[in-house]
Ligand code: SF4
């Protein structure tokens with residue numbers, strides 16, 4: 001019988017320990033209603049002092065971000081963690097693949113902790129190693145694997161990064177995807193890129209930055225035989241896009257852009273490249289979370305913006321810039337539900353456990369995976385020009 005990888009497991013069931021979504025919290029969480037949670041987090045952090053370094057992703061809730069020593073996107077945070085080799089404990093307020101990257105980039109004596117193991121990433125879950133290896137075998141059988149260079153977005157599990165490392169590929173971020181694709185296309189004559197796991201970032205970069213067309217791109221669907229593609233389609237493609245997407249950014253539609261332009265005259269639409277191609281085509285500006293933050297910081301007072309990225313970040317930007325009109329590019333709430341698994345009770349539990357001498361929810365990448373993921377990350381770090389800058 002053929003088994004099918006199910007990327008969208010119900011949260012907290014513990015049915016697939018290898019899934020990004022993880023398992024239930026193994027400890028006694030403080031009640032969310034505990035009025036002393038803020039004081040407890042502060043006390044635990046003070047007790048740990050320089051031994052602990054708390055990282056907060058831009059999409060985290062305010063109640064958590066207030067305890068972050070640094071904030072940033074996933075790659076910046078992993079580098080920040082590597083810049084603090086003296087910190088025994090890295091508490092990563094983000095999602096699972098980010099904690100893995102921090103473990104890869106930090107020293108062997110540093111322990112990376114994810115306060116809630118159910119904080120996964122639905123996009124990363126959409127590309128399981130077994131599925132990716134099956135796709136690679138099919139490309140080999142079709143006679144194209146020799147010309148394929150795999151490139152994975154930072155938002156992928158460590159074993160997908162390691163797959164790219166083993167097969168001559170690299171990692172990229174939303175800031176350096178263009179440079180990474182340029183590099184990949186130079187690696188072999190008639191090179192093709194196998195882009196994982198976000199089809200939208202891959203398509204947007206290929207078309208808007210590399211001058212490719214929609215016809216140059218095919219989508220590999222892991223749930224269909226041969227990815228839903230013929231061998232000829234594989235041979236003709238320049239970009240083989242994995243059928244994955246971000247469940248937050250993927251929900252913005254071109255229609256909401258039209259509606260906002262009609263109701264907010266003069267509005268500028270600023271979106272993340274994980275949005276669908278049709279949305280990106282209608283936007284004024286496209287870029288990473290760091291680009292979005294810098295754009296709003298540099299915008300003149302009185303300017304008007306609608307932003308298509310995670311809502312916690314948009315809310316914080318609106319609060320920080322009351323002199324600018326900042327709207328969220330959707331009528332409905334659009335938090336990243338897995339990122340929001342990290343709440344104050346989980347943070348307090350993780351920090352107080354460390355104070356008591358117990359390391360909980362450690363994220364540890366096995367040595368072989370770490371080695372090959374490092375190879376793929378290093379290829380990204382070696383990219384020229386703007387490379388890995390946010
Ligand atoms: S915002 Fe999207 S890509 Fe980021 S962690 Fe959430 S699901 Fe994953």
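Any Cβ shown, glycine's included, is placed from N, Cα and C.
Among the candidates 246, 275, the one that TrEMBL lists alongside 121, 336 as binding [4Fe-4S] cluster is 246. The record from TrEMBL ties 57, 74, 153, 154, 155, 272, 273, 274, 289 to iminosuccinate, and of the options 174, 175, 253 it ties 174 to that site too. For the pair residue 153 (iminosuccinate binding site) and residue 246 ([4Fe-4S] cluster binding site), the Cα-Cα distance reads 12 Å. When Cα-Cα distances from residue 246 ([4Fe-4S] cluster binding site) are compared across the binding-site residues 57, 272, 274, the shortest belongs to 274.
Taking all protein chains in view, 24 other C-beta atoms sit within 10 angstroms of the C-beta of residue 246 ([4Fe-4S] cluster binding site). For the iminosuccinate site, whose annotated binding residues are 57, 74, 153, 154, 155, 174, 272, 273, 274, 289, the maximal Cα to Cα separation is 18 Å. Candidate binding-site residues: 57, 121, 153, 272. Those with a Cβ under 6 Å from ligand 1, in sequence order, are 121. Here the C-alpha separation of residue 274 (iminosuccinate binding site) and residue 336 ([4Fe-4S] cluster binding site) works out to 13 Å.
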